[in-house]
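To keep things clear, I will list the structure first and then write my remarks on it.
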Amino acid sequence: MKLIGITGMPGSGKSAVIDIAKKYNMPVISMGDIVRHETVKKGLELNPENVGNTAVELRKKYGNEAVAVPCLQYIEEKYNNEEIVIIEGIRSIYEVNYFRKFHPLIIIAIHSSPKTRFNRLKSRKREDDTSEWDKFVERDLRELEFSIGKAIALADYVVINEEDYTTYLNNLEKVLKIAINDD
């Protein structure tokens, strides 16, 4: 089984890979869903502070690979017969290294400017998104503390997402096809 990991800062456009994956019947696992699930399990409301704090607590308790471990277990239980599985939302180089211990992994980084990402998050209105600039910056800094910057910097491919959605999807699909065939 080959894994394709999608990384990028919040609001960069990582979840768009889901639309493309559906087209090719490829499973997508969202690492953010695992953290949101743990937040709800603790009886907390889904908001930027609670989800962020849960991610920090998980890493303190279980180490830097805290989210990757249950994610990989889920993948191997549910998708063991798949040739390719996409992991959306890799947050650290530690997660990258963990996945690579068990399976070949190609990383695609999605990049958008802070201003673009902030505007997307404001309009997206997911429970753990914020419409306040200072909270947005705080979240970015927390993500960078997880070493997401290293995961982005060491990615095998980078897709810039500053244009319209259709152009971005076309570019992402091209890179995804290349990554699928990358040995």
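Any Cβ shown, glycine's included, is placed from N, Cα and C.
Remember, TrEMBL labels are computer predictions, not curated facts.
Taken straight from TrEMBL:
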{"type": "BINDING", "residues": "G8, M9, P10, G11, S12, G13, K14, S15", "note": "ATP binding site"}
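Positions of TrEMBL features highlighted on the structure.
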residue	record	Cβ within 10 Å
G8	ATP binding site	27
M9	ATP binding site	22
P10	ATP binding site	25
G11	ATP binding site	25
S12	ATP binding site	23
G13	ATP binding site	23
K14	ATP binding site	25
S15	ATP binding site	18
